[in-house]
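**Q** This structure is in structure tokens; I'll ask about it shortly.
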Amino acid sequence: MAPIVAGKSSEAAVTDINGQLGSGLVHIRNPHLDLMSEDILYHFGLGTKTHDLPAMFSDVKFVCVGGSANRMKAFALFIHKELGYGSDQNNIADICAGTDRYCMFKAGPVLAISHGMGIPSISIMLHELIKLLHHANCRDVVIIRIGTSGGIGMRPGTVIITDTAVDAFFRPQFELTVLDKVVIRSTELDKELIQELLLCSQEISQFNTIVGHTMCTYDFYEGQGRLDGALCSFSSQDKFDYLMRACSAGVRNIEMESSVFAAMCRLCGLKAAVVCVTLLDRLQGDQINIPHDVLADYQLRPQILIAAFIKKHLGLNT
Ligand SMILES: O=P(O)(O)O[C@@H]1C[C@H](O)[C@@H](CO)O1
Ligand SMILES: O=c1cc[nH]c(=O)[nH]1
């Protein structure tokens, strides 16, 4: 089946998006939505008739997303304190408490949301998040994924800012089957935002941060060339050769959400970035066996960088 390549149509999309970016509004690319009298954001437990979304969210300027609910709650508490709103846990309530699919916390202009693991999970969250930002009339929103990853030839604890998310063939694209057609979308991320984040990390100077390609896979084990899953059909040499080819193609880390995140945010005119810490060097092994306190310290690194970035944007001292 011939895929629908996003080449020409995505160029048209960029023109569209630029127009939309002028107003700063989120670009919803679905004509059916206007015909609906109510929109239920089922996995958030929110809706346009049951909740006053503009009153709840119109001041949102930064959205931070990550896989784990606990990490995103910890980030919400951290940013709440960093922005000077205090450290009282009681001030942070889960806005999606009506459902256990995702959790969502708000600290002033910052929204923190968990997205679970993998492309299907983050993509459902993004559909509802992007519609939420649209219904709430949010403007000039920056969205950042703060996650964990496996590095390739990187010292564990290195923070990688993604320039382009690539697939398992190292192509800068995300493929989705829509009806019975394969749709291909670009996974390029905002260059200006990448440089701003890199500068921020140099200013805080607390950990090594680099810019590179991030490979996004559909699986943690075989899909990332691990030898320690329940199934494995390749040799350790095959694994090593594949990771070395990825490295030669510019891939510096591997995770499981960046491609659909980049593609959807780009098409909807959202300035987006992916910032992931590496938990291990995949050329050295597959198992994540670092002590709990080291893991906690590593997971904090993208949060520290993004907190500094947000504070800088808000004109607060870092
Ligand atoms: O945001 P997180 O740390 O969940 O991202 C990576 C990619 C997968 O979701 C998960 C695998 O452990 O970690
Ligand atoms: O190796 C790793 C570590 C975290 N997340 C991944 O997807 N892969």
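Yeah, the Cβs are placed from backbone N, Cα and C, and that goes for glycine too.
Heads up, here are the entries from TrEMBL:
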BINDING   Arg101, Arg145, Ile146, Gly147, Thr148  phosphate binding site
BINDING   Gln224, Arg226  substrate binding site
DISULFID  Cys96-Cys103  disulfide bond
DOMAIN    61-310  domain 'Nucleoside phosphorylase'
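Surface or core, plus neighbours and distances: that's what I need for these features.
**A** For Ile146 (phosphate binding site), the same-chain residues 6+ apart in sequence whose C-beta sits under 8 angstroms from its C-beta are Cys64, Val65, Gly66, Arg71, Phe75, Val275, Cys276, Pro302, Gln303, Ile306. In the three-state DSSP scheme, Ile146 (phosphate binding site) falls into the strand class.
Other Cβ atoms within 10 Å of the Cβ of Arg226 (substrate binding site), summed over all protein chains shown, number 19.
Cβ-based neighbour count (10 Å, all protein chains) for Cys103 (disulfide bond) stands at 21.
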**Q** According to DSSP, does Gln224 (substrate binding site) fall in a helix, a strand, or coil?
**A** helix
**Q** Report, as a single number, how many Cβ atoms besides its own are within 10 Å of the Cβ of Cys96 (disulfide bond).
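**A** For Cys96 (disulfide bond), the 10 Å Cβ neighbour count is 21.
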**Q** Looking only at C-alpha atoms, tell me how far Cys103 (disulfide bond) is from Thr148 (phosphate binding site), rounded to the nearest Å.
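**A** On Cα coordinates alone, these residues lie 18 Å apart.
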**Q** Which Cβ among the binding-site residues (Arg101, Arg145) has the fewest C-beta neighbours inside 10 Å?
**A** Arg101
**Q** DSSP on Arg101 (phosphate binding site), three-state: which is it?
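**A** For Arg101 (phosphate binding site) - judged by DSSP and reduced to three states - the answer is coil.
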